[in-house]
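Asks: What follows is a single structure, and I will ask about it in a moment.
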């Protein structure tokens, strides 16, 4: 007889007992139902123990901690030092110089007047600085959300009806904030994890191209332009206008400055110390271009200019939000979409920089902060603001230390609003288009796509689905595709789990996948199969059928090799983390089927939860307590002597 | 120093080498992309190798096999013997006697004239007998689908407009068939696995109660009755009519026969040999009750009777199906819902009996058969038919051998239609109500509910959600709730996977969950954690945060016990069946975080797919090839000497 494993018999080293020591499978103490439910709820909603610090504190201290929890600024402001301010000041000025031209440009993407972009870089950063916990994020309007909001809004109201359009925009912003706040408050933040990284990469790349294409209007001075965002309509608009619609002065300005901006971007990328070059280039371009247009009065030759930016503080807009009427639902829907995309972006940025600097970020608390900032924003003439990838990176590289950099930026924007907006009158639209294009180039993350292709083909399909959905259909459909593909992946994973036939690795008592370890040998008379997933209703039938099929295949193998017939089916349950009613039914059916073929079912290493349920359902006694082992090796060493030749 | 494990060193039995033998982790040969995709597609759609028999056959043989594949009757009819027919004949006659009164009653549930129920027990069983592979299922109209169809249809068209109502019913039946056929043809049958067993139990129980309550109208002879199906509306209808709406003659007939039927059911349950008693009781009741009413002319005293059943063959109804116009979409929607519920029921029945008799059933082929039968049915004045739980059980117990019993039943129904339908004129509606109630009693599976409660609390919540949804709101909402809860369970499973801290089980080299095995001891300086799930975008952040939290907890533990600081974090990857881009990102971030604390990341037993991706992403080299081990024991035995005190 072959010498069977002694994985479970560490003590046998040194002696050669015939009956190996077999460790009993642990039957854990039964947990109460309430305890079980409590645990499940805790892990779902409070896995990060947000109230850890509140334990064993006096009441007044608890109140203080609670206030500090909502406004972290009260906590860190006490420890704020001058040497920190130096970094924050430089970073704040840098991102301000970057955000002012971007704000004006992005407002156009959302079909709003330029000042609304500036407003959104003034109020929300202040709120965030008080409530947020990220030290590096730069708050304000961003390209993708602006475009998304603009394209959703203009389906409802023509942007020419400015007042109505703005009202709906503020309503959407309000509901975006409400949704963000609610998700965070009820600790449902994990829901945004359902959008996979791959889908986001594809969506962002698609959005970058869509936004870039939209800018051809401003860059080339095309007069009549489609309202659709798909690539086919846009390219048709561009080419049908080639003979009479393009304006060569605009083209010259646009393309020259685009080249300049891309060059500075390239320089910044090559030499990380020169990060400030691409950061101030947009503002510089705006100044130069505005001056040129003013001198040459190119606007009289058909070069489109900004014309007018409202001067002064953002006016209150609470009275403009629809709280009743048919636009409430529309606003809610648009706000929900824009708010969730904004949230995904902000949380991703927050996490990235928190990991870089190794500090902890509570996703749910972030959502509350972002939500509050948009709610307040919607009442002060702002539209949906969030964290900007490019400006946050500049903020980080410029050496920001705390959210004070956002406050600095906000003050600079305020000064701009109060003093220098009239100077933007002659700023050509072409320069804004160039700024947008150079900003969204970075969203097309070619490297990430390549990595995704290398890692995981299904992820790549999801990525491409989102990408092509955005550029060929519309930005919402692309978003829908990315969500659907993300879900499909999860569902596929739980419907078709893997199974592996295990063999004994020579010179060890370890049993491993024979595909991964071709040297692993099978044990005559026994089939060892590992099920690589929890057994749930969604896969229980598949698993049963799959095991029966593996059994049939192995029986043929055994016959061909002249080995004795299979007498035991050992199911290695280590990866089976849970089992439900359907799963137990399936195991019962499996047992019935194989009993008819005179094969016995043996279970190895069922986990705590599974064991609980096997006992509760009495399936454990149907299998027989003596057929449940701690390890495969244990099972083999016990069963081997009983095998018939 | 503690003696560390030698799980990976089976050869060390007998000697005590200082450097234990460590087996290399298998790096499987890289698979081509196409091969990978092919494998994934095969497992998803063709995991049962439906074309296995087609291999290595001549062309003409392949054609024959294909025809036999579509019409299994051609295969088994050749081998059909007389002794099989005896069983089939008895079973066929038994289910016919059961189905005739049920058909008439169920047609009323669907708001159709009684003959349509009979038609649906004539055409569909014949088609199924030719195309289906289940030997035990009894085809025809069933209570739940009839009610569902009726309640959905009457929302669109008042049943009083008979012609229009029937047209929409046939349209819905047609689309139900198309959807069933399509799911099967494109091998998407696994989609119905997404409805969990628990949700089905709850839904069925709710439907049973709803159907039973609806019968109070017929049973008590209530004249004005609500059209809603929720328990509150129905009970209000019943009680507001108590003084003038009830008809005492009807009550007497109804309640007497209901008692009789329930008694026979009880007898049949107590003594399995008397299964035929409850099977013929309904027909017997109909005969007696009809005779009594005819003699006493109780219909003149307000006892509602069937009045008229159309005599003759089912008329063709192809011209009545809407293929254009606004009712197409309505029909499609209703057909989709009714068709999917019908499918779920039929497949569940087929599987149950196939497991009992141990023969194989191809779910997708079954769907094609069921779909075809409903498509043909919709063209011959039938409404949605499927497998009936109660009649299939009777069929099985009466000793059916093949689908011939369905053919026998179908012929009996045909004879009924041709000859004896006029005799049903005086059948009181109360008896039909009693038949329906006694039939649906079995759908309320109290035992299954109790088991679900014992096995799995979350399953029970899903079950109750579906149950209360059906009885308090509506049958469609109940269905929606059951689907939603089934999905929620899957999503929760993949978002919040379990993790376990492992310890060494004394006297072995096995490392197991310290919660399940309290005797397992930790290894000083090392934290061993097992991740119990594939690491995907939906859980990667959670897993990273969870591991860091476990690390912090364990560091405190170590400090309290005066052990040396943690120097290695061993992640046991056995249950990690897959990892995606987000998962690798998370591991990278985890590594960065713990490196700052001077802790090294070690991986134990990564599977084939995971290892592939770790190598593709170069994370394997970041961790270091020498930090990836076959087993935890291997890792410990290698790392232990390097631990600083």
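Even glycines carry a Cβ here, placed using N, Cα and C.
Unlike curated records, TrEMBL annotations are generated automatically.
Copied straight from TrEMBL:
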type	residues	note
DOMAIN	A:516-639	domain 'STAS'
TRANSMEM	A:168-188	transmembrane segment
TRANSMEM	A:194-213	transmembrane segment
TRANSMEM	A:246-268	transmembrane segment
TRANSMEM	A:274-295	transmembrane segment
TRANSMEM	A:334-356	transmembrane segment
TRANSMEM	A:368-386	transmembrane segment
TRANSMEM	A:398-420	transmembrane segment
TRANSMEM	A:426-446	transmembrane segment
TRANSMEM	A:458-488	transmembrane segment
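Tell me about the setting of these features in this model.
Replies: Looking just at the domain 'STAS' (A:516-639), the mean pLDDT is 86.
Residues 45-46, 50, 110, 112, 116, 149, 152-153, 156-157, 317, 320-322, 327-328, 330-332, 334-336, 338-340, 342-343, 363-379, 381-384 of the same chain sit 6 or more residues outside the transmembrane segment (A:168-188) yet have a Cβ under 8 Å from a Cβ within it.
Sequence-distant contacts of the transmembrane segment (A:194-213), counting only residues of its own chain at least 6 positions beyond either end whose CB sits under 8 Å from a CB of the stretch, comprise 109, 143-144, 147-148, 229-231, 234-235, 344, 348, 436-437, 440-446, 448-449, 452, 456, 459-460, 462-471, 475, 478-479, 482-483, 485-487, 489-490.
Within the chain, the transmembrane segment (A:246-268) has long-range Cβ neighbours (under 8 A, six or more residues past its boundaries) at 218-222, 274-279, 281-282, 285, 289, 292-293, 298, 301-304, 428-431, 433-435, 437-438, 441-442.
Within its own chain, the transmembrane segment (A:458-488) has Cβ neighbours under 8 Å at 147-148, 151-152, 194-203, 205-207, 209-210, 228-232, 337, 341, 449, 452, counting only residues six or more beyond its boundaries.
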Asks: Assess whether the transmembrane segment (A:274-295) lies in contact with the transmembrane segment (A:368-386), where contact requires at least three Cβ pairs under 8 Å among residues 6 or more apart in sequence.
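Replies: Between the transmembrane segment (A:368-386) and the transmembrane segment (A:274-295), which are separate recorded stretches, there is no contact, as judged by 3 or more close Cβ pairs.
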Asks: Work out, from DSSP, the number of helix, strand and coil residues along the domain 'STAS' (A:516-639).
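Replies: Final tally across the stretch: 62 helix, 21 strand, 41 coil.
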Asks: Mind checking which residues of the chain, 6+ beyond the ends of the transmembrane segment (A:398-420), have their Cβ under 8 Å from one of its Cβ atoms?
Replies: 73, 76, 80, 84-85, 87-97, 99-100, 103, 115, 118-119, 121-123, 125-126, 128-129, 132, 134-140, 275-276, 279, 311-314
Asks: Take the transmembrane segment (A:334-356) and find every residue of the same chain, 6 or more past its ends, with a Cβ under 8 Å from one of its Cβ atoms.
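Replies: Those are 133-137, 142, 144-145, 148-149, 152-153, 156, 168, 171-180, 183, 189, 192, 195, 200, 363, 366-367, 370-371, 374, 384-389, 392, 396, 476, 479, in sequence order.
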